[in-house]
Amino acid sequence: MKTFTVTAKAESDRKWNLDPIQRAMGQLGWWHILVCAVVFPLKFPVAWHQMSIIFLGPSVNYTCASDPSLDRCDSGCTSWSYDNSTFATTITSEWDLVCGNANLVKLSQTIFMFGILVGGVVFGSLADKYGRRPPLVIAVIIQLVSGVGAAVIGSFWIFVVLRFLTAVATGGTMVTSFVLVMEIIGPKWRELFSVLYQIPFNLGHLTLAGFAYFLREWRELQFALSIFSVLMLSYYWLVPESPRYLFTSGNVDGAVTVLEQAAKRNNLQTDTIRNDIEQYAKEKSRTASANASKGNVLDLFRTPNMRAKTLYMCFNWFVCGLAFFGVAQYIGHAGGDIYTNVAISAALELPGTLLCIYMMKAHG
């Protein structure tokens, strides 16, 4: 039976053309599942922060408080009274983001979304230089500090700056965690796990409506959504460094240590891992060009084939982002109960995400 299992595994390894690193830790086992179970919850605060503007800065009814006889946006009106039947407080009511200042709420969210782009670029570069885990932990710390800070400050523009930093951090947690997961999961399962990775975002979007329903003060909501990141400080100890990064950066001993831990958890052989990885390193060293340079972002545009694929993917994500965030964030302005609307729109994301599993299997 044992011989059959080893033979079947060898045949599977040949079928998927696994390198020694993937063979050492296996394609999927308890170690992979445990790492994913720790990393996936990162997407909850990502969803909370990206979508929270729906409840932090919603459109609320208001009247001129300084002179009720005036139109609410008359130049003579200097203060306003806000309807608090749905929300006790919002950034709109606290900083009078109405009339001439009404677009500042949208501007703050635009700056936030730009921060996600910055975070992806910056932390992607840091992850290539320093590993996946250190930038991930740094991003979590920034997310925690800036998120909590945004809940207690008294200035709108400081709020915008802190939210921008939160966005940079969420962009960082997304890119580093996704790369880490894809680097440890075997090719047979990467397709599936690339989709499963998105489900915590869907659940985060769904639970946001519940948080907002019970926390009607915007500061309480912002604090509650941010303080959860305290738990993720444990990633410094719980999340392993990517063995692929350790190997490619020349830390063979570090890669072997992680791979042996993974193999033990997955009930795989460990006695040949060090020799296999050291031989693999020598092989890579022999085949590598003496003047070979590390890849950079320009490589995505260097050849016609790669350039076309890059532009297609950029356009695809642009359209998806425009449609998804445009609809998801506009839900707050639709008629009916805002909490129900957000919950329903979030719940509809789940079957759509799961459908991707079938679509990729069936159509690639």
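Quick reminder: no glycine exception, Cβ is built from N, Cα and C everywhere.
TrEMBL annotations:
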TRANSMEM  28-48  transmembrane segment
DOMAIN    36-364  domain 'Major facilitator superfamily (MFS) profile'
TRANSMEM  110-127  transmembrane segment
TRANSMEM  136-158  transmembrane segment
TRANSMEM  164-185  transmembrane segment
TRANSMEM  192-215  transmembrane segment
TRANSMEM  221-239  transmembrane segment
TRANSMEM  311-332  transmembrane segment
TRANSMEM  338-360  transmembrane segment
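Contact check: the transmembrane segment (338-360) against the transmembrane segment (192-215) gives at least three Cβ pairs closer than 8 Å, residues 6 or more apart, which meets the contact criterion. In the predicted model, residues of the domain 'Major facilitator superfamily (MFS) profile' (36-364) average a pLDDT of 92.
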